[in-house]
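**Student:** First the structure, then my questions, so here it is.
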Amino acid sequence: MTIHIGAAPGDIAETVLMPGDPLRAKWAAETFLDDPVCVNEVRGMLGFTGTWCGHRVTIHGSGMGMPSLSIYANELITEYGAQTLIRIGSTGAMQNHVALRDVILAMTCSSISTPSSGIFCELNFAPCADWGLLKAAEAAAGAKGTKTHVGGIYSSDVFYDERPDLTEQMIRHGVLGVEMEAAELYTLAARHGRRALAVLTVSDHLLTHDALPSAERQSSFGDMVEIALEAAFA
């Protein structure tokens, strides 16, 4: 048990999927895992452990934003021995060739700042995904016929951004999408020698202003969860 996670020793699997929304964690566990058991509900941040194709898996919420994810990922790694951490979540597309419902596999993550920025001083650390997970996820997506894009994303530390100039530069430099967690996850994985990947479903588009209706968001996210699970155990 830690300050923020009430799971007992052994309750957390070495492979952890991390959606931002705790209710999405519950949905994913009940939909894709066999015999899921709730192992955490401290502060309403739900976590479940079960099995997928005979492999133990934990699906645990991270909350919104890098500071929240940093708390849970740190504790999952240092106190519970998590070895593989895969963020599953939504993203806003930033390129015309990326459409709603597409999946983005984040190879690298740009950011202005993360909770870890202070330890690097003048160094601009470049967080990246684990190559083995990335390669396996692309193969799994291809086998499913899911339209997938591999490349850089932007992890923002604000949701209501008031800097259109920054968005313009991200688009100009080919950034595929924006979200709020992956850069810190990749940084923590690098620090602790763990594997990390972000598998993201496009729910909104910054250029067209299209968005998935809320009723469809859950059903459209199934491919993302399956890709993450298949990549974790490839």
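Just so it is clear, glycine is given a Cβ too, placed from its N, Cα and C backbone atoms.
Found this in Swiss-Prot, in case it helps:
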type     : residues                                             : note
BINDING  : His4, Glu162, Glu179, Met180, Glu181, Ser203, Asp204 : purine D-ribonucleoside binding site
BINDING  : Gly20, Arg24, Arg43, Arg87, Ile88, Gly89, Ser90      : phosphate binding site
ACT_SITE : Asp204                                               : active site, proton donor
SITE     : Arg217                                               : site 'Important for catalytic activity'
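Set these features in their place in the structure for me.
**Tutor:** Around the Cβ of Asp204 (purine D-ribonucleoside binding site), a 10 Å sphere holds 16 further Cβ atoms from the protein chains shown.
Summarising the environment of Ile88 (phosphate binding site), the number of other Cβ atoms within 10 Å of its Cβ, over all protein chains shown, is 25. Taken residue by residue with DSSP, Ile88 (phosphate binding site) is part of a strand.
Taken residue by residue with DSSP, Asp204 (purine D-ribonucleoside binding site) is part of a strand.
Summarising the environment of Arg217 (site 'Important for catalytic activity'), the number of other Cβ atoms within 10 Å of its Cβ, over all protein chains shown, is 16.
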**Student:** Tell me the Cα distance separating Arg217 (site 'Important for catalytic activity') from Arg24 (phosphate binding site), rounded to the nearest angstrom.
**Tutor:** 10
**Student:** 10 Å Cβ neighbour count around Arg24 (phosphate binding site)?
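**Tutor:** Step by step: centre on the Cβ of Arg24 (phosphate binding site), count other Cβ atoms within 10 Å, giving 21.
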**Student:** Please name which of the binding-site residues listed here, Gly20, Arg87, Ser90, is nearest in space to Glu179 (purine D-ribonucleoside binding site), Cα against Cα.
**Tutor:** Ser90
**Student:** Give me the count of other Cβ atoms within 10 A of the Cβ belonging to Met180 (purine D-ribonucleoside binding site).
**Tutor:** 25
